[in-house]
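Right, one structure below, let's go through it.
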Amino acid sequence: MGPDVPLLNDYKQEFFLKRFPQTLLGGPRFKLGYCAPPYIYVNQIILFLTPWLWGGVGTLLYQLGVMQDLCTAALSGGLMFVTALALQMTNLYAKQKTVTVERMQIQSTLTDEDEFEFSSCVGSETVKFIIPGKKYIINTVLHSLLAGVLCGLGTWYLLPNRITLLYSNIGGTVVIFVFGWVTICIGEYSLIINTATETATFQALDTYEITALMRPFYIFVFIAVDLACRFAVNAPILEQTNQILHILFLFLPFLWAMGILPPLDALFLWGMEQLLEFGLGGSPMSSNTKLLVMFLISAGTAIASYFIPSPLGVILFMTGFGFILSLNLSEIGFAFKHTMISHLASSKAKNAHRGLRLQFGWREFIFYVTVLAFALTEAGLLHQFAGSSSSSQGRPQAIASYILILLLVMMWILREIQRVYLFGVFRNPFYPKDVRTVAVFMEKQRRLMKVGVVRRILLTLVSPFAMIAFLSLDRSLQNLHSVSVSIGFTRMFRMVWQNTENALLDMVVVSAAQIKGNMQFLFGFFSCPGLSLPGSHYLCRFQDRLMWILVLEKGFTYCGVNIKGLELQETSCHAAEAHRVDEIFEMAFEQQEHTRILSPNPHFGHILTPCTVVPVRLYSDARNVLSGIIDSHENLKHLKDDFVKVLVWMLVQYCYKKSKTWESPGSANRSKQESFPENQHSGAVKGCRALREEDSFSVDTVEDWTDDGDIFDFEPSSRTRDRKDAGHLGLTPKVHLSIPGSIETQSQDFLQELSPEDKLNRTVVLGLPAVDKGKQPEVLPRVEFSCSYSELLSIPEEWRTAPVPSSKVSEMRQRFPEEWYHFVLSQLDFFHLQEKPSSLLTELMEDEALKELYILGVLSCCFGLFGLDNAVPAPRHVFRAYTGGIPWSAGLDWLTGKPELFQLALKAFRYTFKLMLDKASLGPVETFRELVNYLEGYESDWYIGLVSDLEWQQAVLQEKPYLFSLGHDPSMGIYTGRVLTLQELLVQVGKLNAEAVRGQWANLSWELLYATNDDEERYSIQAHPALLRNLTVQAAEPPLGYPVYSSQLLQLPLF
């Protein structure tokens, strides 16, 4: 869909036309989507005008001289309080009359109005429709009390005599009186009758009924100014303000309806953040808790500085606290807590915190203490010996002013040199052209990196100390006990470290004004448009991925950001805007060398302005179609032979690693029994069974018959577990049960152990063909090795118990790669053995018993994955074997009963598949040495598995150089390979216009929370090449936006 998509569809337009009049009038529902009796509208009109009625009674008594203004206000307020309380009691009575128990639902702005059926003018349905009531009893009393106070003060605010004194115009008095009472009626109705849905919505759910207080709050603000004007003496500015606000009071309903005035929860948080940033010199915080704590500490610092009697004490206090509050206090506190836990807690607590990466250590601590000491020393000495000297007459501060101007010019030049566009308009001639590879970029960027280092030193160390010198020399500090000086200097001493660039710009402007006109130095709420980083948005492009970076907070040598990953699904709107982003970055960073100098930016005025290219170590994502490889008969023919070789190498390496934990060959048997726990990898087997259950042709669908998914259980294990304690189960011998439907061959001893109730409750499962298992499993004879050290490489006995016919064993002996087996053994060193014969490897190769064990182990794995058939596996079977979703078979059931062996076999098969791809693309493997190199590379540098595996995520976190996964597209019937390669690549970074982003997010909030536009092809997600509307909407915070990933606060060091 294109730009012709309407803002609201037809259904939502009708819904909006019903909701907006309700919002404008404060809650009355005069436009319904169904027919309602006339008394519904009459009752709402009467309730809407009730405050005006009681206020009119008081006003009339005052105008007739019967009562004074205070008594009039008290009378009107009291009548309104009684009325409001009576209305709320009526609602409670109506609810109790209709139902005994009724659950109060939280009002949601996302739901449409329900239809009601009315029986009478004062029926319970009518009362509940007009007066929904309050959720909490305390709000019933509190809102009723506020309604009375609002009506009383509103009557006092709109007394005609008072309005006439302000304007001396009868016509103006009438207009203000009439429309002013309309405003009060709107606020009263929203407070006590029915709260309207506000267009400025901060939260979808009004859990604590705060929305009802929004309109009365703004009315109280206007009345408060009038009260201050009444009791103030000789305050012409306050009187003029009161006159303006009386006129603005008439337009409050339109300000509410247009969403210009924010809700209370957003207002207080926003106001606190603005005071912290512009009044106290701080930075916006990433969370409400941090904002509140930092605001209280900063305000306490400003108040404390007012009561310090000594100018030198004020300087040192402001310098020290300004530096400390600009640091990353949350990270410092976390580091201190971690240090205390490491020293006092147990080793278990130490291990629990070992994986946390701390950015604050002793190096940072020493650096911060050194900077603080130098700052305090500089401020104290300059103020004591230069600032308080009467003979200097401001000359030292003038010198500091020129230094600040020079620093600002240097900082500005160095910053522009590092950008791809000068002022966002002209191509920077110093910026590298045709940036496509890391090597070329780093070669051309070397000089600009030096410029960046110089600028960072000037910004972090030189500029703050120069500004502290300028502030310490100011003569305004001699005038103590001034609110403006305390707040202003607290702000600037904080900004020196918190936001150095803005502070430098502010000081240069003020110092220039001082030099020119000797204006009074006051930084209280002075702010010039600077280079504020908090609130900035950046868009990063890499291959087909987009990242959105939002700067949340910034301080001295640190920056807090949030990173979001945008959607991976290539929709038409997403693709259109991504193509425009690629075009903008390509024209900025991939220009040819012959391009003229200072060429204009062809996309000037776009929301995105390219900034730079950053070399980042990350994963490149390559996807290939495997048609012609996985379905090649020749490749599949060699797959089994390669699998045998890889499995031999895997088993030898596995046993060799286990042998390093054995002290002597005689302890091999005991150690092997302890090192192969039966349930060590049960999770992997469960995952395999879960994959097999997805196949409709798998016999394992029988697993649904029992509680824990094992068709060979004599009865559901959960029942057995309930009836027998752990000790009894531990002594019960393992019983090999027949397949359901076959002749019962259980031992009599086992049957006798069951209680009569257990025998009665035994589950009989039918449906599978009968299998005669015959006799009980035989105990394997002890293997006699010709070499005493063969025990070190012997595989466990339970890995050699596969029910394989003897003919297949003979066949495997012929297929077994003996030369490869000898070569693998020859690569072992056994350095961990203190005493070993020189001919150890030769004796191991000549040991036929050891070779026979590996033949049986390899045959068991082949039997589990491929069965007894020697046919070439089909591509579908290869894919299912790779994913572990092979249909059930006797061999697979035996293999999954050995979790550790199953994991080795699955890993070997995946290595074999990757080897097949490498041989098809890079050529055949000529020597055994080359094959070992392949396998060792897979083991050390690769993770070969599935994207859905937990190990895949761990491999990414461990920064494995390569990751491979096999996929299947059932719609197209093709198999795909995905390779992630960790390397240093170029990421293109652009800055987004912050106002455009916030404007689109505000529109999105209105569209989803107020207009409830839930259309999948709604207006806000349509592509807009200039505003990047689709991408901007994706990056909004859920539930408004839908990024595929959103990080927590990330603390980035800047020095």
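Backbone N, Cα and C atoms are what each Cβ position is placed from, and that goes for glycine too.
The feature compositional bias 'Polar residues' is assigned by TrEMBL to 662-682. Per TrEMBL, domain 'Pecanex C-terminal' is recorded for 894-1049. Feature annotation from TrEMBL assigns region 'Disordered' to 661-685. Residues or ranges marked as transmembrane segment in TrEMBL: 39-62, 74-94, 136-159, 165-186, 217-238, 244-270, 291-308, 314-336, 365-386, 398-414, 453-473.
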Exercise. Residues of the same chain, at least six outside the transmembrane segment (453-473), with any C-beta under 8 angstroms of its C-beta?
Worked result: 315, 319, 371, 374-375, 378-380, 382-383, 386-387, 394, 396-397, 400-401, 403-404, 407, 410-411, 414-415, 418, 489, 492-493, 496-497, 500-501, 503-504, 507, 511, 556-557, 1054-1055
Problem set entry | When counting Cβ pairs under 8 Å to the transmembrane segment (165-186), the leader among 74-94, 136-159, 217-238, 314-336, 398-414 | 136-159
Problem set entry | Same-chain residues at least 6 beyond the ends of the transmembrane segment (136-159) whose Cβ lies under 8 Å from its Cβ atoms | 51, 54-55, 58-59, 62, 69-70, 72-82, 84-85, 88, 92, 176-177, 180-181, 184, 187-188, 191-192, 208-209, 212-213, 216, 219-220, 222-223, 226-227
Exercise. Per-residue pLDDT averaged over the domain 'Pecanex C-terminal' (894-1049) comes to what?
Worked result: 89
Problem set entry | Positions whose Cβ lies under 8 angstroms from the transmembrane segment (314-336), at least six residues beyond its ends | 281-283, 290, 294, 297-298, 301, 304-305, 308, 358-361, 368, 371-372, 375-376, 379-380, 383, 468, 472, 477, 480, 489-490, 493-498, 555-558, 560, 1051
